[in-house]
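Colleague: Sharing the feature lines straight out of TrEMBL:
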ACT_SITE  208  active site, proton donor/acceptor
DOMAIN    26-288  domain 'MYST-type HAT'
REGION    1-27  region 'Disordered'
């Protein structure tokens, strides 16, 4: 990990194209390039950065890799990187999870308002369907942090946000792994943490909907793997209902039904009836064909806070 942004000599990151969106008018980014640390990243979507500070369209925006403050001028930006209070410190919030080189920090948007606003503004460069709210006080942010194994340097490489109080039982509002770190399975880790938080709250939930196409694909991958692990981990003769699967995984019933259909593992006992059962052999075949690991993306023992359910869920 770099000790300071390289500014004009930033290295282009691995090319990760924006997801294809259908039936939407094309909107060109008004920030053409963003420098994060020693990486030069191309934004996917228009920014919400204040026009009076950034301008209508700029060639390059400099974003601090530690606190996400931003500048369109390199000289004051490099001055900031020398004195950024987070340069040698851990990211804000409380570390709740740590495994190998990755950790998760829980940040209260009210306690760290400016940090959360700047993080949201940076994330908007790569998000099309979520709005950035300056009122971040009603959200919790869960930062995905990568620690260099040799230098110990820390870098926030993604996050998800969650409403403190969701009347719809949403366990996630917005999720993003920054483009240079995508396609490494890290989104599955963030989803896994969000469902472990649901387990702690003893509240079956799911992501805020509607999902983008990219989000839907990610969640179907998470749901299908999680459901398959649970089904195959149960005794051979044990009868499972959809409610049993939901109670064990904290995935909503509607998401379980939709996922099982996408997996093509449902069989109707009688033609023309709505009764359906899950074919365990087809689930096992699906796991092999899709090279799905039986190890979950998150280990409960790696949490560094008490994650046991606070209360029993009331019977429906």
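The backbone N, Cα and C atoms fix where each Cβ goes, and this holds for glycine too.
Help me see these features in their spatial surroundings.
Modeller: Of all the Cβ atoms in the protein chains shown, 20 others lie within 10 Å of the Cβ of residue 208 (active site, proton donor/acceptor). Under the three-state DSSP scheme, residue 208 (active site, proton donor/acceptor) falls in the coil class.
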Colleague: Note the mean pLDDT of the domain 'MYST-type HAT' (26-288), expressed as a whole number.
Modeller: 92
